[in-house]
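Take a look at the structure set out below.
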There are 2 protein chains.
Amino acid sequence: MLSREDTIELSDITDLNQLKSELNHLPAVDVGDYISELPGERRAIAFRLLSKGCAIAVFEYLPTEIQEELIEALHDTQVCQIIEAMRPDDRVALFDELPAGVVKRLLPQLSPEERAATATIIGYPEGTAGRVMTTEYVRLRQGLTVGEALAKIKQSDRDKETIYYAYVTDDSRKLMQVVSLRQLVFTLPDTPIKDIGSDRVIKVYTETSQEDVARQMQRYDLIAVPVVDREDRLVGIITIDDVVDILQEEATEDIQKLAGVASGEDSSLSSPWSKLQNRLPWLLGIMALYIGASSSIAPFQDTIAKIPVLAVIMPLFSNTGGAVGTQALTVTIRSLGVGEVTAGDTLKILGKELLAGLGTALGLGLTMILLALIWTPPDERWVALVAGSVMAANSIVAVTLGTLLPIAFKQVNVDPALISGPLVTTLLDTIGFILFLSLITLSVNVWHL
Amino acid sequence: MLSREDTIELSDITDLNQLKSELNHLPAVDVGDYISELPGERRAIAFRLLSKGCAIAVFEYLPTEIQEELIEALHDTQVCQIIEAMRPDDRVALFDELPAGVVKRLLPQLSPEERAATATIIGYPEGTAGRVMTTEYVRLRQGLTVGEALAKIKQSDRDKETIYYAYVTDDSRKLMQVVSLRQLVFTLPDTPIKDIGSDRVIKVYTETSQEDVARQMQRYDLIAVPVVDREDRLVGIITIDDVVDILQEEATEDIQKLAGVASGEDSSLSSPWSKLQNRLPWLLGIMALYIGASSSIAPFQDTIAKIPVLAVIMPLFSNTGGAVGTQALTVTIRSLGVGEVTAGDTLKILGKELLAGLGTALGLGLTMILLALIWTPPDERWVALVAGSVMAANSIVAVTLGTLLPIAFKQVNVDPALISGPLVTTLLDTIGFILFLSLITLSVNVWHL
């Protein structure tokens, strides 16, 4: 990574020739960062200093806004060279963001093969293997020898990650075997590849979700996985660098959705307007949900007027109940998310959570009694006992809801991370308030405590 | 992945020979899962059916409890063969978990090289590059030709991931260049490697944290990175499969800590006792913190007795304030976590968050007024205005704290994910309650509303 000092040094360079030589020797991602941080008008100048190969590599690392800017600023010939040389999956990601007019202008200028590759990938829905795969891979026809295979690989001259595995297909492109570069290099050239290839190919389908692809590659420690269509014909591969990014995005999404950031794609550097769009509707939603909880208090205003210490105790109690629920909820959502458990394990999970919940209920119930005793005047000490019992009961309800709700949402294909959080907190508060205030009111009215 | 049906089929096999042949052909991770799910007494039987190579591969995928169980159940010779063949980093991970007595028995039976490799890795602190690296890599001395290098690689016969890059060192093991298998294969055999190797080697130090390693490998799309000591001498490499696991673990930790699961290592399948240990202390901690918020209500009991609708409004208001804070907090923590921003960007981040916060304040303040009007009786309508203003003010405080607290914690090296959540919620509730109840009390006492 470029340290802050390196960046300052680079911007101190006034001699364009020196800057040119520096830029062309740095890793592409670092040059991308350097160009992104330049003021608008200097970006195109710096970019023009890059050699053709370097410009292509750097372009892929730029944020979409800056890619758009450069597409407008550069000559169409240069733009076309870059777009033509991009990996098809990166090209599709760019086209997704560009204005339709620009895409329409660029698309016809691509070579027929690259246009076909782009069209193939764009045809699959976002978030599927078909959409994140690249069509640049090494395909070998059955019947070749090791020597012929190596010659073919050498000639194809693909990206560094994509040549470590080659895929063997029959004449109808049906995927038959996988063979690694390592195997090819260390086997005698006239050995038929079918003797060294592996028949048990781990593959994914074009419609497999990108999360499932990532999980499989992680599980089997793969650096590339072939993507096939329903007829088992090879259509692309997915490489580990894309999977690392997918896993990071998924984790960010889970974290943010649990905190009520709707898109799961907010960042400290997002625009204020997109932040507001991502957050306010959700906040209004939980306020609306919470009307239920607050309304459940309304009928008990007489009781509260009589025993105002209830207003001191109630927040403590809703705060903690929500926290117990959130813990169970988060652990369940993450375990479901990384594929560690499925709906089939519901009883096993619930058993463990309830056992832990009993301990929690005991601990929190007793603490609640002690705390409530601090605030209650001598003739209202009994309120502390009621508060402790309700806290304990609420904890049990909390772990139960926190465990079952995400599993249930997942079963009906609703993203549990997005909805279960506020629902659990609100349900818990409502149940807690009603239980607590009813018991107190009952005690006051019936036993005249 | 083995589908549920496959697993059932496997357990239906009563013919041991058939089971043996099936097991020895499946991917090691699937066999590991199959053995893990067998009842205790049958695990060792199934494991003994595996061929030597297969047994070694499968062993690495078993959970530590089952590894321990097998170490006890198998003959010492077989155990030694397995331990000897494990990758040094996996072996260290196992030794970390095994009882000291077992490690003492096993360690002397390792070959001198493997014992040395184990000792090297165990010497580095947990969570650093030194601890997660493997010492199995291909090192080439300067001055070799491509043909000699390939012969050396062929002879070394390492793991599949570790041979795609070879590292060139001088006589004192100082790291000079990196060269890929691909370059070697497609260059004439008598070319000196120094002509094709790259001098700009991206490397990490033994003391680099595993998160930083993961972030660098993700940034530069590497499938392996060399680890050097302070004198730039090559001591190991880290491969992408380990990085994928590190990133997943880090994400799980962040998610769980934000929800108050202290270790960040809980799972749906953890034991109830470890769940309780991970969660109860944190819950008691937030109850203790919350005494402050609840105590801030206590002095206002007279006001609440007079205007009991306050008890209806207050929970809504603390619930939403906490939610606003949590959104900003989570986005900030994640952006810091993935290295997208640093403390140097504080003002830029705060500016964006405050602008979005103004919108939020407006939206929530107005909604609060509308909602409060539902519950307040005609002569207490003014309470709704106060509630709306406090809600707006609280939202601004919420985004400010949610943005600044994690940055501040990170600066003093306290994990922001673990502490900022409850602190923000509690602070917000306390500030909100005091502000709201003071304003109401003031209005009642001074203006006699």
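Glycine too: its Cβ is placed from the backbone N, Cα and C atoms.
Noted in TrEMBL for the protein shown:
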| type | residues | note |
| --- | --- | --- |
| DOMAIN | A:196-253 | domain 'CBS' |
| TRANSMEM | A:280-301 | transmembrane segment |
| TRANSMEM | A:307-333 | transmembrane segment |
| TRANSMEM | A:354-376 | transmembrane segment |
| TRANSMEM | A:382-405 | transmembrane segment |
| TRANSMEM | A:417-440 | transmembrane segment |
Residue counts (helix, strand, coil, in that order) that DSSP gives for the domain 'CBS' (A:196-253): 25 helix, 16 strand, 17 coil
Positions on the same chain near the transmembrane segment (A:417-440), where near means CB under 8 A and six or more residues out: 253-254, 257-260, 262, 264, 282, 285-286, 289-290, 292-293, 296-297, 300, 303-304, 307, 310, 313-314, 317-318, 321-322, 324-326, 329, 333, 337, 383, 386-387, 389-390, 393-394, 397-398, 401-402, 405-406, 409
Other parts of the chain folded back onto the transmembrane segment (A:307-333), taken as Cβ under 8 Å at six or more residues beyond its ends: 254, 258, 293, 297, 349, 353, 357, 360, 364, 368, 371-372, 375-377, 380, 383, 387, 390-391, 394-395, 397-399, 401-403, 405-407, 416-417, 420-421, 424-425, 428-429, 432-433, 436-437, 440, 444
Overall pLDDT for the domain 'CBS' (A:196-253), taken as the rounded mean: 89
Spatial neighbours of the transmembrane segment (A:354-376) far in sequence, C-beta under 8 Å, 6+ residues away: 309, 312-313, 316-317, 320, 324, 328, 383-385, 387-389, 391-393, 395-396, 398-400
